Amino acid sequence: LYPFAESLLIILRGPMKEQLYMLAPTEAFIVYLKITIFAAIVVSIPMTLYQGWAFLAPGLYAQEKKYILPFIILGTLFFGIGGYFAYKLILPFGLRFLLGYGGSLIQPVISVSNYISFVTKIILVFGVIFELPIIVVFLTKLGIATPALMRQYRKYAIISAFVLGAILTPPDVFTQLLMAGPLIILYETSIWVCVGFSKRWATQQDDDEENNDDE
């Protein structure tokens, strides 16, 4: 993936309209390494999802194991949507706000290393955040997540969303809202995902018990 680092750098600097600067002799090399690691993480998402499925597979019904391919495809798609959402919406608005915060008194001089670290972190975080419905399916199947439990912890999830936004983004309310908003929406969506799968698996379990009783 290293040979593609320069092309990926061109893509990643898309949201940034300001000039990027190299502040150390080794910075360009380190930036290319960061981009290579970022690309490796993204490319390995399908395999990571497969390993997660392999962990859960022993507890699945035979008819459920056939959903491995849709699971990997949807999981990869959700990650891609999250990353694209960050790249096209969060980063342009966030950078515009942050760079304009200093007004005419402060001239931005952005290190390419700092910029790449910031951008790749935001993209990966949103990719993982958008996996929340998939994670909820896992936890529901394991009996850890229930609709009642998720509703009970809704307020804690909202607080955690803003705390996560404060940790992973610069200390300004605008960027924190951009980070926390999608997470809260995804949490609410995940509650309904949990409701749907809980009913489905409960019905399936009842049917299996009835079939066993008939035998």
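Just so you know, glycine gets a Cβ as well, placed from its N, Cα and C.
What TrEMBL lists as transmembrane segment is 20-47, 67-86, 98-116, 122-144, 156-171.
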Query raised in the report: What same-chain residues lie close to the transmembrane segment (98-116): Cβ under 8 Å, and 6 or more beyond its ends?
Result: 9, 12-13, 16, 18-24, 27-28, 30-31, 34-35, 38, 170, 172, 175
Requested in this report: Report, as numbers and ranges, which residues of the same chain sit near the transmembrane segment (122-144): CB under 8 Å and 6 or more residues beyond its ends.
Outcome: 38, 41-42, 45, 49, 52, 56, 59-60, 71, 74-75, 78-83, 85-87, 90-91, 94, 150, 168-169, 179, 182-183, 186-187, 189-190, 193-194, 197-198, 201
Query raised in the report: Which residues, given as numbers and ranges, are at least 6 beyond the ends of the transmembrane segment (20-47) yet have a Cβ under 8 Å from it?
Result: 1-2, 4-6, 8-9, 12-13, 72, 75-76, 79, 83, 109-113, 115-117, 120, 123-124, 127
